[in-house]
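Beneath this line is the structure, given in structure tokens, with notes to follow.
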Amino acid sequence: MELTNEQVQQVENYLDNKSFDFIDLKLEILDHLISDIESFIDKGFSFDNAFKATVLKWDKHFKDSSSFYFGLLYSESKIVVKKAVKIFKPFYFLYLTAYFLPLIILKKFSFTFSINTIDYFDTLLNTLSVIFLIYLIYIIVKVFKSKVKTTYSFILRTQYLGVVFLIIPLLSGKHFNDKGEMNPIFTGFLLAGFAVTYICFYFYKKHKDAIKKYKISYS
Amino acid sequence: MGNQKLYKGSLQTIILKLLETNDKMYGYEITQKVKELTKGELKITEGALYPALHKLEADGLLDVEIAKVGNRLRKYYKLTESGSKETANKLEEMQEFLKTMQHLVNPKLSLE
């Protein structure tokens, strides 16, 4: 038996009370909850009892949860964190590779550059860092100001500390030591910073796409 | 109920196979179909189903379609072109796996 509009609203209120307002997830979770309730009603339950039984089954999915991938400070409903982890995992490894690979290579092998090359690279890397930093800050501000939440905006909110990776080498201004060798730590920081910028660019695009897709559906 | 852990690694293959057979499906429908086909032996929880669906969607193997059904919206999943190819690969892998397990667990029943 199909629920009435008032009953559907009651189910939606339950999600709102759980602060479950992720636009990319709400639609299908609401549909699943309603389908569960309808199935209980078909078995002879009253709406109130069917609703209670469904809530009992679903409550655990809305409990606050966090993940090692984002840091324990960032928590959200378990169902949101699970989706975020599944999507973010490959990017987390990109992040680690961007930091540790140059670090290991430059510690093992030393590459010496001439003064002219050093000047050229210092200017190039500093310019790129400034451009990426501005773009990263722009995304962070946009996401923090946005009233619409998606799983992607949750991921983006956990990435803002990544600006540190760009700021530290930028403050030093030099990516080479006195012998003309690349600084392994700063290079690792810089590439991790570039990786964070790419990750933020990717998820910000996903966030905007999700808003477009689901806002049209809701309207 | 059987051992749910044994099925865990096959969830994506199960979803892809169902979508290959049924064209388009929504989350609740997938859980019910699996329950029905396995006579209640396998119950996919929401906590496992949605992350798996979203990963397949993010990987470009599933496409989504949103439709109004009665007084609510419903999100349908269907295979993309690369999803169809991946389904064939996954099913082949699964057949190989089952064959190997058969050799290990019950060699006398193995055909080869």
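The backbone N, Cα and C atoms fix where each Cβ goes, and this holds for glycine too.
As written in TrEMBL, here are the features:
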- A:92-111: transmembrane segment (TRANSMEM)
- A:123-141: transmembrane segment (TRANSMEM)
- A:153-172: transmembrane segment (TRANSMEM)
- A:184-204: transmembrane segment (TRANSMEM)
Long-range Cβ neighbours of the transmembrane segment (A:153-172) (under 8 Å; 6 or more residues past either end):
22, 70-71, 74, 76, 80-81, 84, 87-88, 99, 125-126, 129-130, 132-133, 136-137, 139-140, 143-144, 146, 183, 186-187, 189-190, 192-193, 196-197, 199-200, 203-204, 207
Below 8 angstroms Cβ to Cβ, which residues of this chain, lying six or more residues outside the transmembrane segment (A:92-111), approach it?
69, 165, 179, 181-185, 187-189, 191-192, 194-196, 198-199
